[in-house]
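Notes follow once the structure below has been shown.
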């Protein structure tokens with residue numbers, strides 16, 4: 001989910017950063033028994049713990065035949081040992097609707113793409129502010145951190161791989177959104193109907209389904225005119241999955257007319273460049289410059305005209321915090337000037353947008369979604385409808401982005417007046433669709449990457465992209 005750059009935003013170093021989610025080390029230390037150190041009896045002892053010398057005094061050794069018989073019995077006992085239970089307990093259905101907890105018996109989910117850092121992290125002297133941030137990261141760390149992320153990523157992969165098979169000209173955008181969101185809720189085993197259930201796991205933000213010159217932040221809304229996918233459309237699919245607030249944000253673009261292939265190739269290559277350059281202590285301005293260089297080395301031929309692919313200037317990649325899709329760091333797709341660096345423990349959504357238009361996105365009419373500003377004061381609220389709506393939002397979404405569809409799914413009615421009051425007071429912020437000039441085409445690819453101490457894990461990587 002792209003982070004729009006404010007009009008008055010100056011790209012530069014941040015004075016301070018918020019705490020970031022922590023990450024586990026790659027190979028945690030094993031217990032002695034698990035590592036095989038306590039596999040058998042100590043030297044000089046029998047398996048019963050008795051000293052061998054006590055048994056040998058004044059006694060003859062057992063015959064060779066007796067020893068052989070004993071060995072055979074032991075071998076038989078070894079063969080009868082029960083096999084370990086496999087990790088997978090069953091297969092996924094089509095469409096995917098079986099909760100992952102029913103497939104992965106031990107609740108451990110697969111690793112994604114592990115990439116070693118190209119240079120050793122030899123910067124051992126840290127400034128005080130960075131040490132403080134690192135302590136905040138450690139305090140936020142728990143044993144389930146990495147497993148939560150891997151579960152969310154596995155849900156994303158399974159859902160999107162099915163959705164890609166049904167995404168064809170003639171399908172309605174509302175049907176695609178429902179398939180994605182129903183799949184996510186089924187696989188996380190959290191339907192989000194009971195109060196607070198959506199905060200445990202589920203959708204991290206509304207499904208983005210943006211066509212052609214619509215760059216980002218469009219989703220079907222109740223009562224709106226149905227939009228049908230056409231053969232000549234360029235469709236961007238952007239959705240997020242969270243488990244306990246650990247958000248995986250990933251997006252891809254589909255086109256059926258091969259004339260758009262070079263556009264998609266350019267944006268995918270630019271995103272992979274950003275992932276390659278990302279790492280601990282990586283300078284964000286260097287990453288941005290590399291992304292733009294790759295993106296704008298491509299051209300696309302449309303209507304017998306050669307059009308350069310341009311990197312969109314006013315939307316960026318971003319770091320991700322717990323229960324917050326947009327953190328305090330941005331990764332532009334164009335050359336910029338900043339001293340900001342990536343840090344150990346950061347989680348980034350590395351995404352790029354390429355356009356055949358002016359490569360600048362403006363707000364369009366309509367509303368994509370909302371999010372609640374946790375720091376805004378509700379002291380000035382007087383309407384009971386606004387107060388009731390705010391409680392519903394906090395109880396069910398917290399700081400996660402939500403849409404009108406999500407409110408109506410909870411059975412909330414007549415919320416428009418209350419929502420206008422919350423938005424006018426600055427308690428709730430709204431997202432508008434972002435568009436390039438009519439007649440242009442925008443493509444997007446995105447992955448979430450975890451900057452672990454000794455490697456980076458592209459957590460959302462799959463066989464598809």
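Glycine residues also receive a Cβ, built from the backbone N, Cα and C atoms like all the rest.
Take the divalent metal cation 1 site that Swiss-Prot assigns to 238, 249: the candidate from 446, 457 listed for it is 446. Site annotation (Swiss-Prot): divalent metal cation 2 is bound by 249, 351, 446, and the candidate from 190, 318 recorded at this site is 318. Within 10 Å of the Cβ of residue 446 (divalent metal cation 1 binding site) there are 26 other Cβ atoms, across all protein chains. Cβ atoms within 8 Å of the centroid of the Cβ atoms of 238, 249, 446 (the divalent metal cation 1 site) belong to the same-chain residues 1, 2, 208, 239, 240, 250, 251, 349, 351, 444, 447, 448, site residues excluded. Taking residue 351 (divalent metal cation 2 binding site) as the reference point, the binding-site residues whose C-alpha atoms are within 10 Å of its C-alpha, out of 217, 326, 446, are 446. Compute the center of the Cβ atoms of 249, 318, 351, 446, which mark the site for divalent metal cation 2; besides them, the chain residues with Cβ within 8 Å of that center are 1, 2, 3, 238, 250, 251, 317, 320, 348, 349, 350, 447, 448.
The Cβ of 238 has fewer other Cβ atoms within 10 Å than any other of the binding-site residues 238, 249. Here the binding-site residues are 217, 318, 326, and the one with the most other Cβ atoms within 10 Å of its Cβ is 217. There are 29 other Cβ atoms within 10 Å of the Cβ belonging to residue 351 (divalent metal cation 2 binding site). Proximity to residue 318 (divalent metal cation 2 binding site), defined by a C-alpha to C-alpha distance within 10 angstroms, is shown by the following binding-site residues from 217, 238, 326, 446: 326.
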